[in-house]
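Chemist: Please read through the structure below; I'll follow up with questions.
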Amino acid sequence: MNAPVCPAPEHRGLALTVYLALSRTPHGLLDLAGPFCAALLCRGGLPPVSVVILGIVTVFAGYTAVYALNDIVDYRSDKLQLEGSGEDERVNYLDAAFIRHPLARGCLSLPGAVVWFVCWAVVAFAGAYALNPVCAVLLIVGCLLETAYCLLLTVTHLRALINGVVKSLGPLAAAYAVVPEPSPWFLAGLCAWVFAWEIGGQNIPADWHDARRDAIFGARTVPVVLGGRRASRLAVVMLGISLIVSAPLLALSPLAVSAPLVLAAVLGGAWLMLPPAVSLAASLDDAQAASLFNRASAYPALVLAMLVLHLLTR
């Protein structure tokens, strides 16, 4: 077996880079758009400046903590896979923008990773509780579900459902941060929108490249269990559902997004995600999986841009 090595990135000497890699910060920054969208849609406009500032800090801390938790819980399995199958050869992959699995590669110590997680988790919990105690509860639930998701790696591919729920909790908490009692119908639509996008645009393409390695080590992921053809078709279906749900969610929300901007958000999302998804289903090419993941990661930011434009022009 080959011992995993820590690559020497161009930014060598910046210890912070390793910790940012642990938390997949480039991806996490794009993820911030989801809760921001939820807050604007649920409130119907901008919340007070104090809530905006506290919300930004809290959401960043929450995503930083949860992504770090994923690598901490997966530490042993990631290390075994790296030792058994060598380097990850994928390129142009957002989650590997710095270093993929820096903990398993020995780029930082397990105690150091745990301290990093705990510090950000404390910041996230304090901010969430200040915004609304419900948000703090959702943060704890998210951490517990993320742990369960990781521990079910070799048990069932249905753990992907947990992944979709976890990703939905951030926007859900953002809704409660700006409105004490959001509409149940709005929350249901919000969760369905994020859940379908996460499964089709994040979970399936993220696991795609690891399918051969996962199969060898007994991991149960959607691409491994369903096979490439069915998994890629499922991704197309889930992304289609997400785009369809987004239209009434934006139009009927308290923000009441104008019809032209709703159409722009739907068509823009379709342009971002459907071409690589359809190409993946047709070719089963790893490069298309990476393209789908990267482009789908930008989808919440595109929707956020439409919401901001609506606020500026209404």
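Glycine is no exception: its Cβ is also placed from the backbone N, Cα and C atoms.
Sequence annotations record features per position, and here TrEMBL assigns transmembrane segment to 49-69, 108-130, 136-158, 234-255, 261-284, 296-313.
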Chemist: Is the transmembrane segment (234-255) close to the transmembrane segment (136-158), in the sense of at least 3 CB pairs under 8 angstroms with a sequence gap of 6 or more?
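Modeler: Between the transmembrane segment (136-158) and the transmembrane segment (234-255), contact is absent.
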Chemist: Cβ pairs under 8 Å only, please: of the recorded stretches 49-69, 108-130, 234-255, 261-284, which one is richest in them relative to the transmembrane segment (296-313)?
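Modeler: Per the Cβ under 8 Å count, 261-284.
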Chemist: Near the transmembrane segment (261-284), which residues from the same chain, at least 6 beyond its ends, have a CB less than 8 A from one of its CBs?
Modeler: 200-201, 205, 208, 228-229, 232-233, 235-236, 239-240, 242-243, 246-247, 250-251, 291-292, 295-296, 298-299, 302-303, 306-307, 309-310
